[in-house]
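Encoded as structure tokens, the structure appears first; notes follow it.
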Amino acid sequence: MSAESVEQLLQRPLSELTARFVTQANPVPAGLLEALDADSRSGAQALARRIRSRQEKNRAEGQRLRRLLRYETELWEQGATHIAGVDEAGMAPLAGPVVAAAAVLPRGFRLKGLDDSKKILDADKREALAVVIKQEAVAWAVGRAEVEEIDRINIYHAGLLAMRRAVEGLSVKPDHLLVDARTVPECSIPQQGIIKGDALSLSIAAASILAKTTRDRWMAELDAQYPGYGLAAHKGYPTPLHLQTLREKGVLPIHRRSFAPVREALGRPTGAAPSAAQAELFPLAASRTAVKS
């Protein structure tokens, strides 16, 4: 079937043209916008403005995604093939594991709307992005550190442990790691820590989406196991409702006993001494630093 001419398109209902060139974002034939501008119908002129607005948003999104690939592009140009973004989710909650993800994206990867998971408030949108990332990534993996490990080595080191497990779980060995804010201890792979990396690197943003959506699903499962605490809603974060429930219903096995509100609910003093397990697991952690972009 041959492409319709501009004259033929103008015979179509404006609602159909809106669906085709605004909603579905199909390529706009040459001359159509000018023809809509010249059309005496106000609806046609409004449609031309909507199409131009959509095109401008697409251009801006393309530029944003290119900026988010600047770290990856530099490494690709230096000969790296597999670059893994690494990020974690669940450092601040009072309950549940800390989860990390690692994602190796194909060269030149683009995914409209992909950003730091904290900026994407719609859970359905995060899940939709996670599906595409998993389908198109060269490799991806998640790692977790359990509540017992968090209490034993502290949350900072538990986050690093989850990151290391995510990297070790990849089906391909990365040539380089891009890590949000810090670096992964005891890892021989060249790496770079980027402050606010989940907003500056597409690979780290992808990892942040995978870590966040995975942890949210696990917290929903824990909510079914421990009803009445609202875990599916607050994901273990210290919301007023969670703190109230903690005081009224008591501490669960999945609560982090090294965290002050949980210790208070247990009637224990806050400020536990650091564990010797930290030095055992991460002897070189103190020598690793993150670099600011």
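Quick reminder: no glycine exception, Cβ is built from N, Cα and C everywhere.
Annotation source TrEMBL lists divalent metal cation binding site at Asp87, Glu88, Asp180. Within 10 Å of the C-beta of Glu88 (divalent metal cation binding site) we count 30 further C-beta atoms, all protein chains included.
According to TrEMBL, the domain 'RNase H type-2' annotation covers 81-271.
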Other same-chain residues whose Cβ falls within 8 Å of the Cβ centroid of Asp87, Glu88, Asp180, the recorded divalent metal cation site, in sequence order: Val86, Ala89, Ala100, Ala101, Gly159, Met163, Val179, Ala181, Gly197, Asp198, Ile204, Ala207, Ser208, Ala211
Cβ neighbour count (within 10 Å, all chains shown) around Asp180 (divalent metal cation binding site): 26
Cβ-Cβ neighbours of Asp87 (divalent metal cation binding site) (radius 10 Å): 31
